[in-house]
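According to Swiss-Prot, the active site, nucleophile annotation covers D194, on the basis of similarity to another entry. Residues annotated as active site, proton donor in Swiss-Prot, with similarity to another entry given as evidence: E236. Summarising the annotation, Swiss-Prot assigns site 'Transition state stabilizer' to D313 and lists similarity to another entry as the type of evidence.
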Amino acid sequence: MQKHWWHKATVYQIYPKSFMDTNGDGIGDLKGITSKLDYLQKLGVMAIWLSPVYDSPMDDNGYDIANYEAITDIFGNMADMDNLLTQAKMRGIKIIMDLVVNHTSDEHAWFIEAREHPDSSERDYYIWCDQPNDLESIFGGSAWQYDDKSDQYYLHFFSKKQPDLNWENANLRQKIYDMMNFWIDKGIGGFRMDVIDMIGKIPAQHIVSNGPKLHAYLKEMNAASFGQHDLLTVGETWGATPEIAKQYSNPVNHELSMVFQFEHIGLQHKPEAPKWDYVKELNVPALKTIFNKWQTELELGQGWNSLFWNNHDLPRVLSIWGNTGKYREKSAKALAILLHLMRGTPYIYQGEEIGMTNYPFKDLNELDDIESLNYAKEAFTNGKSMETIMDSIRMIGRDNARTPMQWDASQNAGFSTADKTWLPVNPNYKDINVQAALKNSNSIFYTYQQLIQLRKENDWLVDADFELLPTADKVFAYLRKVREERYLIVVNVSDQEEVLEIDVDKQETLISNTNESAALANHKLQPWDAFCIKIN
């Protein structure tokens, strides 16, 4: 298998609105990100995935783009973006842009032209019909919006301000590739592709994702843009299986570097139920089965996976699956060790490395997220109590991940000097912040730093086979094996003591949040014990 820089990299996701504010308006900005590059260099990450900073009316926090080649005012300007790229490069950090090409904003010049002039070439950049079918928007309600100017309906799988693009149109596709090359020429390190599995949709046949032309489009995109460069490309593919992931990420197919698959995230809610019907208790045996499947069926050389617990759309993993009380630090380290020592490229979401948690939202006034607000409205209309609705939002709503980054114990956690930040700062910021983490040599931060360094220095993390070991339900243990080397990873994913029924001869400890020698000797794992050892 040809090795690429991203096989040994760890990527850090930044949600710009919430990372660092330098102009006191309560909203993060590009200068704020640049000001924190030394911190990210200390952590050791090789790339930043930057959530959208393009010109946008911010209906969906930047995932509604009005101009792909301009920066939205609240984040700064193109000079700030160029400076971020330059300063990041000086520190050995690449910038991965968020590519949102399933849809644009309804304020994009293409859509304005399409609406004003039904006979224009831009009209065919979007999807129109006379009689809508029953397709539904992911944000609730119909996926079709009536446009009185032309007496037709346009398709929007997200908000009505996010009309879907028509990838059947070759001129549109070329314009997208030209835009990608604009950013590649600026020196970016790659693209994270938002809901990329939806670009091959056929609405008339109710085909939303994994449409028949999807992979042809990606091959064309690869050849026309990033294929000539050593860039990281990752597709957001909610419905992917290992077989589908191979189509995207097998190097011989010339599509993407890797995928984000979400099968493990599905354990956050009841099977076949909407995400709001959350399950607080992690089904560890099911998690083992899912990770085992992805580690063994997406074979080395035939595809590549991403490893993540958190992103801007998901609740904080500590709040849903970890422990936010007595074992907060220990469970955060355990979940990190469990994930980062598998095969794949790990992604850290801002604040994960210091153990940030969900926000205790009291009412809808504290929310910004369009998805949560739409859910609340729909659920309340359908007879759910506001208490039940808020309970779901507190556990699973997208704003949990989007509260401001907690830098120190000063006003607004050091994020902003504004009287009011765009989302409230989590009240636990005086205890959970970067400054405190850096001062404590035993903090979660240094476990992440160690895991990132291990990946850079050890080929076995890329090459070694994966073998899930039979253990008690709440114990997740696996071997990584390559040539004569054996590495044992053990994690107690629970608040209880567990029995470890493995006899091994330890050679050395690579990383631990516990006294692993004691655990191996008496076969007892304390709550949230986690370690990786080299064995004979």
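Every residue gets a Cβ built from N, Cα and C, even glycine.
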Could you measure between E236 (active site, proton donor) and D194 (active site, nucleophile) for me? Cα positions, answer in whole angstrom. 5
Cβ neighbours within 10 Å, counted over all protein chains: which one of the active-site residues D194, E236 has the most? E236
In angstrom units, rounded to an integer, how far apart are the Cα atoms of D313 (site 'Transition state stabilizer') and D194 (active site, nucleophile)? 12
Please state whether DSSP places the residue listed as 'active site, proton donor' in a helix, a strand or coil. strand
Over all shown protein chains, what is the count of other CB atoms within 10 A of the CB belonging to D313 (site 'Transition state stabilizer')? 17
